[in-house]
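J.: Take this structure, written in structure tokens, and hold onto it; I'll ask about it next.
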Amino acid sequence: PAPRPTANQGAAWAHAGEAAGRRRGASFSGSGPAYTEFCPMAAAGRAAAFHLPPLPTVGEIIKLFRLRAQKELSQNFLLDLRLTDKIVRQAGKLQNAHVCEVGPGPGGITRSILNAGVEQLLLVEKDTRFIPGLQMLSEAAPGKVRIVHGDILTYKMEKAFPKHLKKNWEDEPPNIHIIGNLPFSVSTPLIIKWLANVSRKDGPFVYGRTQMTLTFQKEVAERLTANTGGKQRSRLSVMSQHLCTVENRFIIPGQAFVPKPDVDVAVVHFTPLVQPKIQQPFELVEKVVQSVFQFRRKYCCRGVEILFPESERLKKTEQLMMAADVDPTLRPFQLTMSHFRNLCNTYRKMCDEDPSLFAYNYREELRQKKRKHSPESQPEETEEENQL
């Protein structure tokens, strides 16, 4: 382990980090919000094996810059470098890899990534309070780190990495990785966004089948990896598994974080599949799967019904279930990936025959009825629907 600095050394490093941030900051605007990018000068030469020089510990960085996890942003710091090393190992061999770390915060996982021997590390951090501490790491690893102050949900990743790293989709994954200890508040919408990118082969997946190693609440991780028939089988299970190989690698107990969350955390690894298990547009698959799981305690036909306007609901539902060869008395969590594939393929044919069908929205029809003062109960919502 690196020796701890004196208080004077820590203060000097903190001052140097802030000064470097001011010195090398450059603003630019994209189609989304403005971002600030900090690019260190390239190193004159590189040693064969890279190791970070002695630096303040992550805990000391938090004290130096008076950092405090914000509950409204669902921030939790991971200070144990043995655990951050273990998270990074789940990504695979990172020697000479290009990595994007999402929400590095005080930089615990960042240090483990740099010590893994990466070629370049892109840090995307929304919270300005963490930038000076990250800039210190950038100074300690000259030529390796690029810091972007921005929101990962809107940051355009199509040009985040060099073009020469691109691989064909059918080839092995490129030497590009996304790693992140995600705040709970953004983890689900972010993975849904990236799954949509996988389906379209855009965003970070213009480079090929980019792998992701991310943290989620244990319960969300169980949904992502749940098998058919499992009690956690959900919309999230089908949407992720039809596009990726999804593996729950290990559990981190809540007490390892500061402040301690009320739940444990799981590290999940994603590798996009060469061929999706359901070869239909992401929006169509999502609509069918979401409808089916809208009533997870009832027969699956109840969810399928809301794909169709009330005037032709029973007839169209029976037609879809028969053509897809799905038992209407199965519960949503009992449906296999083949069942969902058949439902999506048949629904696509029905939409091709009636182009207005895909635009139909069950909730909007309910709202219209409510405006006309017609008594109609609202559909029950699953816990996952509320979260999403």
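A Cβ is built for glycine as well, from the same backbone N, Cα and C atoms used for every other residue.
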J.: Could you check which of 1-26, 339-364 is flagged in TrEMBL as region 'Disordered'?
T.: 1-26
J.: When you measure from the Cβ of Gly103 (S-adenosyl-L-methionine binding site), which residues in the chain that are at least 6 apart have a Cβ under 8 Å away?
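T.: Looking at Cβ-Cβ distances below 8 Å from Gly103 (S-adenosyl-L-methionine binding site), excluding near sequence neighbours, one finds Val124, Glu125, Lys126, Ile152, Gly180, Asn181, Leu182, Pro183, Val186.
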J.: Looking only at Cβ atoms, how many others are within 10 Å of the one on Asn181 (S-adenosyl-L-methionine binding site)?
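T.: The Cβ of Asn181 (S-adenosyl-L-methionine binding site) has 26 Cβ neighbours within 10 Å.
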J.: Can you tell which of Glu125, Asp151 has the least company, meaning the fewest other C-beta atoms within 10 angstroms of its C-beta, among these binding-site residues?
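T.: Comparing Cβ neighbour counts within 10 Å for the binding-site residues Glu125, Asp151 gives Asp151.
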